[in-house]
Amino acid sequence: MAATTESVKADAAEAPLLNKRNLTLGVLLYLVFYSFIRWYEGVYGWSAGLDSFAPEFETYWMNMLYIEIVAEVVLFAGINGYIWKTRDRKVMSITPREELRRHFTHWTWLVCYGWAIYWGASYFTEQDGTWHQTIVRDTDFTPSHIIEFYLSYPIYIITGTASFMYAKTRLPTYQEGLHLMYLVVVIGPFMILPNVGLNEWGHTFWFMEELFVAPLHYGFVFFGWAALGILGVLNTEVMAIAKLLKKDLA
Amino acid sequence: MSASQSAVRSRAEAVQVSRTFDWMILFTLFTAVLGGYHIHYMLTGGDWDFWTDWKDRRLWVTVAPIVSITFPAAVQACLWWRYRLPVGATLSVIALMVGEWINRYLNFWGWTYFPVNFVFPSNLLPGAIVLDVILMLGNSMTLTAVVGGLAYGLLFYPGNWPIIAPLHVPVEYNGMMMTLADLQGYHYVRTGTPEYIRMVEKGTLRTFGKDVAPVSAFFSGFVSIIIYFLWHFFGRWFSKTDFIADDAS
């Protein structure tokens, strides 16, 4: 009886398999932040973002660029440093339940990654289309670029890298080596940043018109394909989770 | 770790865990495909898809299916061959259309004030559904590529015709005859337009025969077959679960 009571107490004290609070907060964080960014664009895009030589452009847009770059470097180093520093050195000896719990945490990261890639590659990228078709670019740092290239892309790179780091440092599934498709998922988006350099160089020297299907943009297309690497990660995860649940689902 | 230990306490918990993973996986797959597909489609077929007066031109009928059959083929290659889920193409296209509609409404209309009837996205759903149905019934990649790929190209124009038909109504404006879609283009000036008009109009598509849309659609269907094959194998490659040696570990 006493043993049963202890066991029930232990169950009650145990952390849930899926931390729903973290999942909700993660998704909401991106939603609220990007809603604020969209509001900021709506107000200051037209009022302060049309002429890069104007003093108000420096105030509302260039300062934003400087702040976001510093914040991203700090976030990247902080999150990945923390995950690495607190890594599990006995990852192969965890219990199946703990492993399942960690898969849920991993999927919380992956949900955030998918959410971040939506905002970066879909929402803000096509938004850049409407801005350029309306206002001719005068520098590489237009309001839409300051959000798209230098804010939303780094955010999904940071989220993807953190997700990879979590899997590598805490899940037995990823101890065999480096998961090829996970690397594609993480490195592909990262390579978009050098391609931004090529893009801006090309626009500076060749044309100011924004031709979305022009070959100059094909690098973005190629690295966009890297998102499909999620299929390989999904397959690996399904195999790992099925292995954990198989006999209980039979 | 003991193989005899369970990760869950009961079968009911196992079922609940499995369902919860399903939803998390679906969300991640949907949004990741959405992002990758959207950036791909925007930068390979996007300009024709942005504006209704370019949808008035035959190059749109040719280009849009060829570049949009890519992700459906790749996602099918994973979801059908691994999980027997005949929804890969439809899931991809729904993801793309959700992303496009959100953007056209909140940004094209909400930020830079283009009317929605000028910037609505193309409808790719009929072709995607047919692609999935052929794969499900035929269980053959070759059949899906050849019949499905051709159908994907052929269905694109009729699938959009009910939506764009009103914009093809002829109007006279300053003594010139044009379509309503063209008239919109005159009134809402875009920075990239002249270059595109030069690219499109120097072709002969508009002048060989009275209406070349069926020819364009067939050509698009044939190329879509090749692209389907190619992207099916891309999808298989992206589905790999291989590891590369980690010397540091």
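Cβ atoms are placed via backbone N, Cα and C, with glycine included.
No curator has checked TrEMBL annotations; they are predicted automatically.
Features reported for this protein in TrEMBL:
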type: TRANSMEM; residues: B:21-39; note: transmembrane segment
type: TRANSMEM; residues: B:59-80; note: transmembrane segment
type: TRANSMEM; residues: B:87-106; note: transmembrane segment
type: TRANSMEM; residues: B:118-138; note: transmembrane segment
type: TRANSMEM; residues: B:150-169; note: transmembrane segment
type: TRANSMEM; residues: B:212-231; note: transmembrane segment
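The transmembrane segment (B:118-138) makes contact with the transmembrane segment (B:59-80), as judged by at least three Cβ pairs under 8 Å among residues 6 or more apart in sequence. Among the listed stretches B:21-39, B:87-106, B:150-169, B:212-231, the one sharing the most Cβ pairs under 8 Å with the transmembrane segment (B:59-80) is B:212-231.
Highest Cβ contact count with the transmembrane segment (B:150-169) among the listed stretches B:21-39, B:87-106, B:212-231 falls to B:212-231 (criterion: pairs under 8 Å). Away from its own ends, the transmembrane segment (B:212-231) comes close to residues 58-59, 61-67, 69-71, 73-74, 77, 144-146, 148-154, 156-157, 205-206 of its chain (Cβ-Cβ under 8 Å, at least six residues beyond either end).
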